[in-house]
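Below is one structure, written out as structure tokens; the observations come after it.
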Amino acid sequence: MVVIKDIVAREILDSRGNPTIEVDVSTEGGVFRAAVPSGASTGIYEALELRDKDPKRYLGKGVLNAVEIVRQEIKPALLGKDPCDQKGIDMLMVEQLDGTKNEWGYSKSKLGANAILGVSIACCRAGAASKGLPLYKYIATLAGKTIDKMVMPVPFFNVINGGEHAGNGLALQEFLIAPVGAPNIREAIRYGSETYHHLKNVIKNKYGLDATNVGDEGGFAPNVATAEEALNLLVEAIKAAGYEGKIKIAFDAAASEFYKQDEKKYDLDYKCKTKNASKHLTGEKLKEVYEGWLKKYPIISVEDPFDQDDFASFSAFTKDVGEKTQVIGDDILVTNILRIEKALKDKACNCLLLKVNQIGSVTEAIEACLLAQKSGWGVQVSHRSGETEDSFIADLVVGLRCGQIKSGSPCRSERLCKYNQLMRIEESLGADCVYAGESFRHPK
């Protein structure tokens, strides 16, 4: 039996220049590495990300405490363990070594989700190597999925950034393009890349060259003030690229970031110094705005249209548009089984955004995915705005047969490493895979 011989942790930098944790797990089969991402617009119900809070280092964002936790607490408990026992390893860390809980389950507030996840992903890679399987096939076996005919996901490219990801006036955080009409993942990525470059030219011609600077996820951040302006840019770019009908549009409102708790309203003007009362909308009024966009633009997916606790608005919106439009829960669900169960009961959305670092272990992420899929939801695997060169989520989305992934724009290496890995996987599978395409919500 292959066993864990050593675990090493270190502090590295993510794509925003902030510290994050990297973990190496060593077995007789080699050294297996994982780096943990970090979000900017984080849901309040996410598992705890442990930061040092030492103002003398990295403005308090260091992760040396998490590194020491791996070295001093996790490593001694896992030495000699079988890396193929993914659930056993994860639950040892989550339930026994940490054990902290809140109303939504294990909170990881002792060890930190970042420390636990780094070890969890590295062990997953070690387990795959021990079994002699590609990582995506090993993940499929962990989830009880078939490995006969794999599904390649539709990539959702974030090409215009707003919200907390950019310095413009846009309240909504992401505007995305999805090549559902492509024949395979390689062509889908080509469609996305070409449209991205056409979008750059459209923006340059309208707003000047300096408007083509990019945000945290590689999308452009032009100084547009309204969502309609951003959506019109996408329509123009898709047409210029020649992919009308083949590329659809999605957006992530990340509405928790502009929800005003004291007013019980959504402030679409929250990034502007001059306040406009007409931009402060109730959930009902904002729902009407969204529904107007759905009628006007080829939008197939909407993420976090309302605040993470506004289940009523989520439910009303999903009831009205959910048959034709994907309604994704991110901050409202945070990849948490108990939050998903509440949303299922309330019929609040119809798709889970799967972020492994929100919940903090591979096992819990797989369980969340399986619950969503069993309940008839879609599942979209997602990166974070603070990313690394780790391409784990590319293997995860294929292994779990989710049919859709978002990993930023076709720009910046920490985004492209996921898309490039998907092309490699498709190449290795050959005829043994299909592209999700129009069936991305419920891939066959």
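Yeah, the Cβs are placed from backbone N, Cα and C, and that goes for glycine too.
Note that the structure is a prediction, hence the values are computed from the model and not measured.
Swiss-Prot annotations:
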ACT_SITE  GLU217  active site, proton donor
ACT_SITE  LYS355  active site, proton acceptor
BINDING   HIS165, GLU174, GLU303, ASP330, SER382, HIS383, ARG384, SER385, LYS406  substrate binding site
Open item on the list: Using only C-alpha positions, which one of GLU303, SER382, ARG384 is spatially nearest GLU217 (active site, proton donor)? These are the binding-site residues in the record.
Closed with: ARG384
- [ ] Could you state the whole-number distance in Å separating the C-alpha atoms of LYS355 (active site, proton acceptor) and GLU303 (substrate binding site)?
- [x] 13
Open item on the list: I want to verify one value. Collapsing DSSP to three states, which class is HIS165 (substrate binding site)?
Closed with: helix
Open item on the list: Helix, strand or coil for LYS406 (substrate binding site)? Use DSSP.
Closed with: strand
TODO: Tally every other Cβ atom lying within 10 Å of the Cβ atom of LYS355 (active site, proton acceptor).
DONE: 24
Open item on the list: What are the sequence-distant neighbours of GLU303 (substrate binding site), meaning same chain, six or more residues apart, C-beta distance under 8 angstroms?
Closed with: GLU174, ALA250, PHE251, ASP252, ALA253, ALA254, VAL327, ILE328, GLY329, ASP330, LEU353
TODO: Would you list the other residues of this chain near substrate - those whose C-beta lies within 8 angstroms of the C-beta centroid of HIS165, GLU174, GLU303, ASP330, SER382, HIS383, ARG384, SER385, LYS406 - in sequence order?
DONE: GLY39, ASN158, GLN173, GLU217, ASP252, LEU353, LYS355, GLY408
Open item on the list: So if I draw a 10 Å sphere around the Cβ of LYS406 (substrate binding site), how many other Cβ atoms end up inside it?
Closed with: 29
